[in-house]
Amino acid sequence: MSLQMVTVGNNITLIQPGFSLMNFDGQVFFFGQKGWPKRSCPTGVFHFDVKHNHLKLKPAVFSKDSCYLPPLRYPATCAFKGSLESEKYEYMIHGGKTPNNELSDKIYVMSIVCKNNKKVTFRCTEKDLVGDVPEARYGHSIDVVYSRGKSMGVLFGGRSYMPSAQRTTERWNSVADCLPHVFLVDFEFGCATSYVLPELQDGLSFHVSIAKNDTVYILGGHSLANNIRPANLYRIRVDLPLGSPAVSCTVLPGGISVSSAILTQTNNDEFVIVGGYQLENQKRMVCNVVSLEDSKIKICEMETPDWTPDIKHSKIWFGNNMGNGTVFLGIPGDNKQPGSDAFYFYVLKCSEDDANEDQKTFTNSQTSTEDPGDSTPFEDSEEFCFSAEATSFDGDDEFDTYNEDDEEDESVTGYWITCCPTCDVDINTWVPFYSTELNKPAMIYCSHGDGHWVHAQCMDLAERTLIHLSEGSDKYYCNEHVQIAKALQTPKRALPLQKPPMKSVRKKGSGKVLTPAKKSFFRRLFD
């Protein structure tokens, strides 16, 4: 095993925990960028080009008939072939988190429609499901089994938001283990069927799954309800006769306690498990080799790579399988140093020999970090366009056109921002404060200067005031600008108090003014 540090170009901020990698005939593609795709790369899929220990993310192109693919993080992905003998395959993507922290329940199919020396053109289609449709989730697995000349997808585990009836103000964004049901998905007709197997008692998330022929092996995982990582090993076998499928589960000995590990395949019958966690904040530094022979599974520890001090001391790590026995790893950077990168990246080669190109086993593993509640700030989406022509990125110089400076400043474009010096709204701990909030904090627009958005709760607004300001067009100034706004206002000019004038009369030959009473007195006197 060899470990090499990798430098990344100016688009390093796109690589965040929860991303996925897809390997098409030796070419690796990155999916699950931070935030919504921008004009620089409307598809959100990049060619993951590593040469001489330097990584470049080059924008990928979609065909005109592609659907929109959101940048999902922590989804379940797997390679799919119509049959074991088929050479052409596609990638299935299910579930995952969207940039505004919502969960997807859709299945997307990624395939190549055009390929040349300079670029690859993808087609993305959405697959509609009927029957027992799996609920929206993340941190789960999806694999493909082959039996009697037919194929079927096997979906298991993951986490989802609590049902609406059980969500309270304090637990609004809480997640729970999905039920330990096994779903069979017919990718051709879009039919899904749920199976309850008595051997599966816990809905495990961030487990490792290995599929070969008609069998799926489930290793490790994290049970959120019990907060344990059981050393379980399950064998799920699927028989696909002419009638209804037959699904069975067997508990095997020799499992390992691990969650969020990365699985990579080194040859037809051998896999390597890298990374993961054995406790909440304790990384699992041991690597395991998994051998599948004669319908038997064997798991053994293997020689670990020479981990760098940064990797050893880091509390978290994440990554994904690049294929051909290669793993891409990331750890947090040194935030104490100004100008330091957010993450450092490494490439781990578990096998010096190239994997057999005729591999008939396809693997699936979740991203190698326990979900830290990490989510990017919500951004207003642009108009997405998939009409890029085949010549849009001809030539290396034009192909590598992504510019990080083109991205908008995410700190001021969405709900998950620091709106004022005392703002304490955190995506990891936020719960609804107003009855009008569902899954995002209520915001109000401050009219000072060019205007900016602030959280209503940070401004200590009563709900009645929030509704009043939201419905009307009144100007509003946040706590920081309300005094400034008052100082800028010109006080209204007060009109002088109008008093009725008192009538007076002058006595002839006198300069004195007579009051009405005296005037009446003198009139009677002279009359």
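Every residue, even glycine, has its Cβ placed from backbone N, Cα and C.
Per TrEMBL, the feature region 'Disordered' maps to 358-379.
Here TrEMBL flags 361-370 as compositional bias 'Polar residues'.
Marked as domain 'Recombination activating protein 2 PHD' by TrEMBL: 414-491.
If you look up TrEMBL, you'll see Cys419, Cys423, His455, Cys458 marked as Zn(2+) 1 binding site. Taking all protein chains in view, 14 other C-beta atoms sit within 10 angstroms of the C-beta of Cys423 (Zn(2+) 1 binding site).
Marked as Zn(2+) 2 binding site by TrEMBL: Cys446, His452, Cys478, His481. Cβ neighbours within 10 Å of Cys446 (Zn(2+) 2 binding site), excluding its own Cβ and spanning all shown chains: 23.
The Zn(2+) 2 site is defined by Cys446, His452, Cys478, His481, and by the 8 Å test on Cβ atoms against their centroid, the other residues of the chain that qualify are Cys420, Tyr445, Ser447, His448, Gly449, Gly451, Val454, Tyr476, Tyr477, Glu480. Taking Cβ-Cβ distances under 8 Å and a sequence gap of 6 or more within the same chain, the neighbours of Cys458 (Zn(2+) 1 binding site) are Cys419, Cys420, Thr422, Cys423, Asp424, Val425.
Sorting the binding-site residues His452, His455, His481 by the number of other Cβ atoms within 10 Å puts His455 first. When the Cα atoms are compared, Cys446 (Zn(2+) 2 binding site) and His455 (Zn(2+) 1 binding site) turn out to be 10 Å apart. For the domain 'Recombination activating protein 2 PHD' (414-491), the model gives a mean pLDDT of 79. Using the Cβ center of Cys419, Cys423, His455, Cys458 for Zn(2+) 1, the list of other same-chain residues with Cβ within 8 Å runs, in sequence order, Ile417, Thr418, Cys420, Thr422, Asp424, Val425, Pro441, Val454, Gln457, Met459.
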